[in-house]
């Protein structure tokens, strides 16, 4: 049997769209390195998003606006090399696609060719519909992102729920425009649960919720939030499934104490 026969079949955008029709929900996590990519795959995570949230969680920026293409390419390469089954999606950073559809295509091509990802994601509604169309027509799947869009945090007046009251119509129009442009899925961030449910029922493509209630076709979290590595407080929508911050703190503290007291390395850990 060839080695290729042992490689698991990769999740595709068509698989995700089929799951919507079958009412089968799925999970996406952010991921920034090879080790966690392998762990998340083994745990059954279907989509790995190499998010621009790496700016905060990995690279120490105060927000997502400062990270650039070259920095994210390194992280995308690591995840794409490790992931054999999960669909890997590259989050395009601020300033790398907004100028024109041509710029969006050029950046998307860089991530597909140089990092080996299977799809790209960028933020915005109707204003980026032509960008989506151009990239999709070139053969690169695009995941859209509407509602609260972190790259527009200053224009939106800070981190707050989008689509309440009269603003709901604009969110609906954005979603329909992006679907028509060819997006294979849409992230709904900080959108009222009722509106997210309405959009999920109306759209033919999957919706991915983050702070958008329980009725989306899928859910996504930043993995450091999900695993309890991020300092508290975290947003209301975050459920902490572990307390890795305490685990790592205690492990590092114990290591330092063992070294200081001469307990490590002992005979069992020496050659």
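For all residues, glycine too, the Cβ spot is worked out from N, Cα and C.
The Mg(2+) binding site annotation in Swiss-Prot covers 52, 91, 123. Around residue 52 (Mg(2+) binding site), a 10 Å sphere centred on its CB holds 30 further CB atoms from the protein chains shown.
Residues annotated as 3-methyl-2-oxobutanoate binding site in Swiss-Prot, with sequence analysis given as evidence: 52, 53, 91, 121. Residue 91 (Mg(2+) binding site): 28 other CB atoms within 10 A of its CB, across all protein chains. Secondary structure at residue 91 (Mg(2+) binding site), as computed by DSSP, is strand.
Remark: residue 189 (active site, proton acceptor) has 145, 146, 147, 148, 149, 150, 162, 210, 211, 212 as non-local neighbours, by Cβ distance under 8 Å and separation of at least 6 in sequence. According to Swiss-Prot, the active site, proton acceptor annotation covers 189, on the basis of sequence analysis.
The local packing around residue 53 (3-methyl-2-oxobutanoate binding site), expressed as other Cβ atoms within 10 Å of its Cβ over all shown chains, amounts to 21. Across the structure, residue 91 (Mg(2+) binding site) and residue 121 (3-methyl-2-oxobutanoate binding site) are spaced 5 Å apart at their Cα atoms.
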